[in-house]
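To start, the structure under review is shown below, and the notes come after it.
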Amino acid sequence: MESKPGFVHASVDQVHPLLTTYTPQFMGLTQRSGATFGQGVVIGILDTGIHPTHPSFGDSDMPLPPPNWRGNCSVASGVSCNNKIIAARGFKASPNASAVDTAGHGTHVASIAAGNFIDNASVLGSTLGTAAGMAPRAHLAIYKVCFKDGCTASDVLAAIDQAIYDRVDIISMSLGGNAADRYYNDGVSKGSLAAVLRGIAAVTAAGNLGANENTLAHDAPWVLTVGATSTDRRIKSIVKLGNGEALEGETAYQPSSFNTSRTLPIVYPGAIGRRSAKYCLKGSLNSIDVWKKIVLCHLGNSRNVEKGEVVYAAGGAALILLNPEEKGYSTLSEPHVLPVVHLGYLDGLKVQTYYYSLQNSTGVSGANASIIFNATTYGHRPSPAVAYFSSRGPPLSNGGILKPDVLAPGVNILAAWPFEVGSNPSGLAESTFNFDSGTSMATPHVAGIAALIGNKHPTWSPAFVHSAIITSAKDVDLDGNPITDELSNRTAGIFTTGAGHVDPLRAIDPGLVYDIQPGDYAGYLCALGYTNMEMRMLYRRRMNCSAMRWTSAPMMNYPSIQVSLQRREGPAVTVSRTATNVGNPRSVYRARITLRFSRLYQEASFNVSLAVLRPASDVVPVKYAAGKIEWVSGDRVVKTPIAV
């Protein structure tokens, strides 16, 4: 290989794991506010492919592809292009594999980003309404990089190269990664840099390894890293215990034939069987009498729907899913095969306490309950709240840049699905929808918002687009309170929320943005300690750090600020930022200091000094502190989050 022309670097291939009718409305978008709905913008989706005949990908009212478009649907892809899907290719050691989705994930995320308007969309009758992506008039370019053996870095890189050639505007990647990877070893980070240097915005998932710090993937400053939240919608089911206590949970399967007034005995395999029975794994209930009973099962070690299938096969009447402490208070609405109530951690403990309170000396409990369905409800609080699974910072690889950048809806998201769901699925379906959850679902929401920005501001750089989304994000919930973490039911920290929850309408008209020149990333990487050889591996050409202007992570003109300070009183750390006016030509923004602009795209700089002052004797030292700067001009509020 080294002897071949054009050889730069070879490394062991890595595998990147895979990580709607209401969310546009939840974030304030309406048919009027959406304006042209991303028309003329092309979103590249790197995922498991697409189910091309789903009506979400029909081209009704779609414009023709952009005149400079170079993509197409390859013969091998199995996909026929229209004015919605304007490119499709599969990458499996070559660009000649099928692009048809056999998993569902790619179809789901593509429709979240740019699915067309579909009336009467629902999952098993729940949440009936009009489904549409965030940018329903944007075009889709599909690059299948994920197959049964995962999503390899080499296929991701090849797909991004193709997307660059095709001239996409935005790349959306709902792919996992290693939190500690050097960027030249991470296909998403490496490929995204090449895209951003060519004017293409890159949006990536933070990952689904929540609960612990330092689990966030894709922390490079050239990508927009997205965490996940719940919304105020619940597809509610209720378990009413024999002691009269009613506990609220969720499920998508709510059959009208189920007798909700009937009281059934509860059986808890985890109290009487092997460890596998606690999780209702396949074969674990064979020696346990669950016939026509409500079965308690813990989350973990298998998919939730599979647990229901095990209970159903063993003769159980219904299932109560119990969250462990590390999954907190997030509940999922899923298309089960039998009646289910998925409960949060504390409510799960209440059920177990009730069960044990009626257990006799032989281990048999007299506990019983009924299950009631309450269909789709709105107004749940607190909302939005960070999902338990959303990966958290501080980041390990970027030298001190706040991540995640923003949050977006990622729990119980209704979107297109290629297969029938529920108790009697029969295979492929043309117009099925399904709920799914993960930062994978949050990512295309933000990619769609980027398309709305791109439609209104087609000349903006990726850094402009990222900045608009970050500085306009909301750091409070619908009631004006700090955003809650569903892991603990307490206020979420800044390395969990980043700047906060995306606000599409404000992102389209941000007022101020922070620009980063493409060459700044090279100086940043050199300052981070990358050698010339490592730079060559990342840029795929010769690089010389000694000839570059170095920029440390805190001094990058990033829309957020992160610095490290000693716990004791010490000297201040000063960072600089330069804001560009993209609002009214003659604008004045005031905080503690004033920024005055006289024309559009004029720049103004400011410094921020941060220090640890002598604390009072009763102050408890903290590991992290958070704050923000707000620049205000009329109705515009431009936030710069600060993490210390």
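Cβ coordinates come from backbone N, Cα and C, glycine included.
Any TrEMBL annotation is an automated prediction that lacks curation.
As recorded in TrEMBL, the features of this protein are as follows:
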- D47: active site, charge relay system (ACT_SITE)
- H105: active site, charge relay system (ACT_SITE)
- S440: active site, charge relay system (ACT_SITE)
- 38-476: domain 'Peptidase S8/S53' (DOMAIN)
- 263-349: domain 'PA' (DOMAIN)
- 556-644: domain 'Subtilisin-like protease fibronectin type-III' (DOMAIN)
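Shown on the structure are the features that TrEMBL records.
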residue	record	DSSP (3 states)
D47	active site, charge relay system	strand
H105	active site, charge relay system	helix
S440	active site, charge relay system	helix
Checklist outcome for this item: Students should find that the Cβ of S440 (active site, charge relay system) has, within 10 Å, a number of other Cβ atoms equal to 29
Checklist entry - Which residue, out of the active-site residues D47, H105, shows the minimum number of other Cβ atoms inside 10 Å of its Cβ in this structure? => result H105
Checklist outcome for this item: Between the C-alpha atoms of S440 (active site, charge relay system) and H105 (active site, charge relay system), the distance in angstrom, to the nearest integer, is 8
Checklist entry - In the domain 'PA' (263-349), how many residues does DSSP assign to helix, to strand and to coil? => result 26 helix, 18 strand, 43 coil
